[in-house]
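So that you can see what the record holds, here are the features copied from TrEMBL:
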- 68-121: domain 'Insertion element IS150 protein InsJ-like helix-turn-helix' (DOMAIN)
- 113-145: region 'Disordered' (REGION)
- 116-125: compositional bias 'Basic residues' (COMPBIAS)
- 126-138: compositional bias 'Polar residues' (COMPBIAS)
- 170-194: region 'Disordered' (REGION)
- 170-183: compositional bias 'Low complexity' (COMPBIAS)
Amino acid sequence: MAKYSFEFKLTVVKSYLDGAGGYKFLAKKYGIPGKSGSQLKIWVANYRQFGEDGLIRSKKDNHYSVQFKIDTIELYLTTEISYQQLALKLKINNPSLIANWVRAFHAEGIEGLSKPKGRPAKMKNKNTNQLNKNSPIKSTDKNSERIKELENQVLSLEIQNAFLKELRSLQTEENQNQTNQLQKLSTDSEKNSN
């Protein structure tokens, strides 16, 4: 069961939109934990973006492809956009989902993004498709695993490279702006001294 019902969220959001108070005040009034009212901010943003559907906890099991997760992580890492803003842009009403993807990517790389959720399915017959523990792994299996591992490494490095290029570009731009400001100050001071 969800921690907060749809009706409760809607009541709190409508109170905010009707001007009954700010995020902090209403969060305290309705007993929502957190000093800044950040949970209420998320509800209001979701309501504004998706309407009442933004407050409903999704019952369907949304499956996002590994490529979609990688693209989302790359977008997050190469821009100065928050999880909340990115979630709204991608029409995901749960920004913590993106935070979990980023955390998994940093901890385990691409492999962390492709792990299935939940428990593994129960086997109907334990003898069916079961490998003998003493049987050696085929060399082709090892090779394909190694290839997959290397492909994941390359993708991870490409994402890091894109991030570093963007960071370098921003730093160069900032340095250029500072240089221009110093030159302007220098010419202004020369004019004033004459």
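The backbone N, Cα and C atoms fix where each Cβ goes, and this holds for glycine too.
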Of the residues in the domain 'Insertion element IS150 protein InsJ-like helix-turn-helix' (68-121), how many are helix, strand and coil by DSSP?
-> 37 helix, 0 strand, 17 coil
With DSSP, how much of the region 'Disordered' (170-194) is helix, how much strand and how much coil, in residues?
-> 24 helix, 0 strand, 1 coil
